[in-house]
Amino acid sequence: MDRSCIGNWPIPFWFRYEIEAKHGAFFTGGLVQWSSSGEEMLCQCGGVVHVLDVQQGRIKTTLGQIGDVEDEDTVTTFTLSPDNEAVITSHKSGLFRLWNWRDGSVQKMWKSIHKGPVARLALNPTGWLMASGGSDSSVRIWDLQHQACTLNLRGIKGVVSVLEFHPEEERSQVFAAADDTTICAWDVKSGERQLSLAGHFSKVTALAFHKDFKHMISCGRDKVVIVWDIVRGVKERTLPVYESLECVVILPTKFSLPGHTVKGGTHIATAGERGVLRVWDALSGREIYSQENSLVSKATEEGGLAITQLLFNEQECSFAVITVDHNIILHKLKTFTCQKQLIGFSDEILDIVLLGADNSHLAVATNSTDIKLYKICDMGCQLLRGHTDLVLALAVTPSNTDLLLSSGKDNTVRMWLMEPLTNVVTCIGVGSRHTESVGSIALSSLSASYFVSASQDSCIKLWDVPKTLKPGLEVSLTPKFTERAHEKDINCVSVSPNDKIIASGSQDKTTKVRKHEYYTQPLSYSGLSCAQDFSSLKVKLWSVDDLSLLGVLRGHRRGVWCVRFSPVDMVVLTTSADCLIKLWSIGDLTCIKTLEGHSSSVLRAEFLSRGMQLITTGADGLLKLWSIKSSECVATFDHHNARVWALAVSKNEDFLVSGGSDSELVLWRDVTLKKQDEVRKVQEKLILQEQELANLLKADQLLTALKLALTLDRPLQVLRIEVALRVSHSSLMSSDRMKPGSGDWVLHCIGTKQEVIKKGKAGLEDTIRQLRADQKESLLKCASVWNTSSKNCHPAQLVISILLDDIAIGELKTPGLSSFLEGVIPYTERHFNRLTQLLQDLYFLQYTEACMQRNTV
C-alpha cells in the first residue's frame, strides 16, 4: 500500500470500500406476520414481502419482484402457513404463488378467479386448505394439493376485512367479515353458512379464538370488544373500550404484568387509536393493565390510526406493535419494556452522524419530526422526540462523542446527551431564536464549547454550550452573537479544527461591492483578514470572537452545498451544484485545486487520510474517492439510485455510512488491506504453481502438467503439452540433449505437427478422458484460442472434435456451448476454405506435372 508520512506517522490511502450492510425500507404498510420461533418477521413492503431477521434488523429474503416496472406484479396480501414452512401471496395480476420463504423460491403458481383484488388470505390448521377473501363479496376455498377452487362462499357484502379458520381441525369452519359488519361462519366441507353473528356497528378489524375452541373474541372501530359463544352462535358479553380498535390477541392462561400476576381466566390485549396496549379480563370486562411507557403517539383525530397491528409470540412471550408510521416495537409481556424498535420506512434521509465513543450509534434525520438513533450492531432504534416539525440537520464533535445537536423546520436547535452506560439519549437544551427553518448546524471540534446554526432567515448564530451537561435537565439556550450572513438560504456551516474560524455557504448569487473594506494583514487561523472584492458571494469566513466577516471565497457558478475545513492544512473544501469540488487556501483566499468528475450537484464531502483524500457524494447517487495530490478520482462507488444527501465517516475511517433520497442507509467497509492481501496471496500461489509446472515438465509427468496448465489458464503451454502427449516418448527422449521442459524439447514438440496430423486422434482421446469436467471445459476454451491461428488449427480441431463427441453422448455438459460455437465456427470455416484452396492448388500442380510428363514422352 502506498503511504505518505507526516513526521514519523504513516498515512494509509484508502482505495476500496465495499458494502457491508444495507438498511432500507422493509415495511411500508400492509400485513406483518411473525414466525413461531420469533426470529423472523414477514413484512409487506410496496409490491413485495421482505423476510426480516429480527435480531440483526436486516432483510434475509425477498418474495416477489423488485423493480420500477409499471406492470410489476405486486403483492396485494399474503399469509404464513401454520407450520411456518410456506407463504402464499396474492398478486395484482390475479395469481397466487406458493413460496418456500426461507430460500425465496416459488413452488407453485395458479390463477385466482376472484373478480377484483384479493384482500385477505388464510390457511387451515393442516395447511391443505386456503381461504381467499376478495373485494367481490365472496370467500373462496382452495385445495392446495390440486390448486383448485372447491367452494364459493356467499353471505357477506363488501370487501373482506377479516378472514380466519377455526383453530380446531375437526370444526372445519372459516370465519369472515366485510363492510356489512356481520361475522359469518361456513362449513368448508359443505359450503353451508352455519353462523351469522351481528353485533358490531362499524368495521370488524380482528378475530381471536379462545383456547377452549368454544369462544371467539372480535373487535372493531365501533369501540367495543365482543365475546361470542360460537357453539350456540350467541353474543355473551360486550366490553366498551372507548377507542377504535385495530387488533385483539388472546393471552396465555398464566402470565405476569408489571404489578400483576395472572393465573387462570380469559385475558385479552387490545390496541388502537390511543397508541397504548391494554389488557382486559374478558369475562368480567375489567381493564387490569394499561401501558404507561408507550412509544406510539396518539392518533391525531378521533377514529384515526396509531397502532395498525398487534402480534403476540408465545415462544418469546412478547408483543410486536406495528404503528401507522411503519415502526415495529417489541415489548416483553412481563415488564412491557421496549426490547427493540425497528424502523420499517425512513422516507428521505437528510443527515446522518455517528455517536458514541466507539461510533456505536447512528443518528439519522429523515422527513420526520423524530430523530432515529440506531444501534449499529443490530439496527435497534430509539426515537428522539422533541422537534415539532421536520428535523433537517445533525451535528457531533470528536471532543464529546456523547453530545448531539439537531435543528429543524420548527425554527429551533436542540441539544441531546447520551448516557454512556445505558445509551439513553435525552434532550438537555433548546434554542428557539431563529425565525425560519434552521438548515445547518456545527459544533466546535476542539473544545465543544460552542456551536453555530444557520437558518433560512439568512442569519447565523453562535451559541455557548453549557459547561455542565446534566441528563434530564432541559435548559433554554441563548445565542451569543447573531449576524445576517447571506441574502438567500444558507446551505451549510462548518467550524475549523482549532475552533477559530466559521465558514458558511449559501444559495445567494447577489453581488456586493464594498471597496472601502479591504484587509491587508496576512490570513491565519488566529486572526483572519483578506484583500478581496466582495462580488458573487458564495462562501464566507467568519471570526469566532464576534462573528465579524473575515473573507469571501469566490468561484462557484451555483449554490454551495457543503463546506469543510482540512484537518491538517490551511485549506477549506467546498462543493457546489455546478458539479465542482474546490480547495481554497485560507492564507490568500485563492482556489488551489478544482476537482471535476461528478455529472451533477456535489452534495456532501469529507476529508480522509489526514487531509490527503476526499470522499464525496452527488445527486447522481455516486460516491467518489479522490486523491488530493493527483487531483484524480481513484474510485467510484455506485449503489444509491437517488440523491445522496448524507455521509458520515467513522473515527478511524474503517467504515462510512451514506444515505439519501432512496431511503436507504448503506454501511461501506474499507477493504483496501484485505484486497491487497488477497492479491498478494494469489500472486504467491501463482508463482508456486508455475514452479510446480516447470518441475512436472522436467520430470516428464505430462498428464499432471496438462491438468495444472489448464488450471492456470495457459493456452500456449497446454498446446505444447498436447503436442508432446501425441509424440512418441521414445522419439522425444532419443537424445540426452532433449530433456523434458528444455528449449530443444519444446521446439521439437512444436515441430512435429506433421506427425500429429498423421496420428490423428490416436492416444489423445484416452488422455482427455482422464480429465475432470471442469478441466475439459478449460481445454475447450484453450482450443478455441488455438483455433484463431492457422498454424495451430490442427491440434485445436482434434481437441474440439473429441470434446464435441463427449458433449454429444452427454459426458460433458457445457453451459456456454452456444457462445463457444459462435466464436469457433467463423475461424473453422476460414481454416476449411484455406485448406480447400490448398488442396485445389495441389491437384492443379499434379495435373500440371502429369501434362508435362506426357509432353516429355
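The backbone N, Cα and C atoms fix where each Cβ goes, and this holds for glycine too.
The annotation domain 'U3 small nucleolar RNA-associated protein 13 C-terminal' is assigned in TrEMBL to 690-852.
Helix, strand and coil counts under DSSP for the repeat 'WD' (111-152) come to 0 helix, 23 strand, 19 coil. Among the features that TrEMBL reports, repeat 'WD' is placed at 111-152 (among others).
The annotation repeat 'WD' is assigned in TrEMBL to 153-196 (among others). Mean model confidence of the repeat 'WD' (153-196) amounts to 93 (pLDDT, 0 to 100 scale).
Taken from TrEMBL, the feature repeat 'WD' applies to 197-238 (among others).
Listed by sequence, the residues of this chain that lie at least six past the ends of the repeat 'WD' (384-416) yet keep a Cβ under 8 A from its Cβ atoms are 350-357, 359, 363-373, 425-432, 434-448, 451, 453, 455, 463, 465, 469, 477, 651. Residues or ranges marked as repeat 'WD' by TrEMBL: 384-416 (among others).
Annotated repeat 'WD' per TrEMBL: 431-465 (among others), in sequence order.
Positions annotated as repeat 'WD' by TrEMBL: 483-513 (among others). Per-class residue totals from DSSP over the repeat 'WD' (483-513), listed helix then strand then coil: 0 helix, 14 strand, 17 coil.
Assigned with DSSP, the residues of the repeat 'WD' (553-594) fall into helix, strand and coil as follows: 0 helix, 24 strand, 18 coil. According to TrEMBL, the feature repeat 'WD' maps to 553-594 (among others).
The repeat 'WD' annotation in TrEMBL covers 595-636 (among others). Same-chain residues lying 6 or more positions outside the repeat 'WD' (595-636) and placing a CB less than 8 Å from one of its CB atoms are 4, 6, 11-17, 558, 561-562, 564, 566-569, 571, 573, 575-583, 642-647, 649, 653, 656, 658, 660, 662, 668.
Look at TrEMBL and you will find 637-668 (among others) tagged as repeat 'WD'.
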*Take the repeat 'WD' (431-465) and count its residues per DSSP category (helix H/G/I, strand E/B, coil), listing them in that order.*
0 helix, 19 strand, 16 coil
*Residues of the parent chain within Cβ reach of the repeat 'WD' (637-668), under 8 Å, 6 or more residues beyond its termini*: 14, 17-25, 345-354, 358-359, 362, 364-366, 374, 376, 398, 601, 603-606, 608-609, 615, 617-619, 621-625
*What parts of the chain pack near the repeat 'WD' (431-465), using Cβ distances under 8 Å and only residues at least 6 beyond its ends?*
389, 392-400, 403, 405-409, 411-415, 476-499, 502, 504, 542, 544, 547
*Report, as numbers and ranges, every residue of the chain located at least six residues beyond the repeat 'WD' (197-238) whose Cβ falls under 8 Å of a Cβ in that stretch; write 'none' if there are none.*
161-162, 164, 166-168, 171, 173, 175, 177, 179, 181-185, 244-250, 253, 266, 268, 270, 272, 280, 282-283, 285, 303
*So how many of the residues in the repeat 'WD' (197-238) end up helix, strand or coil by DSSP?*
0 helix, 24 strand, 18 coil
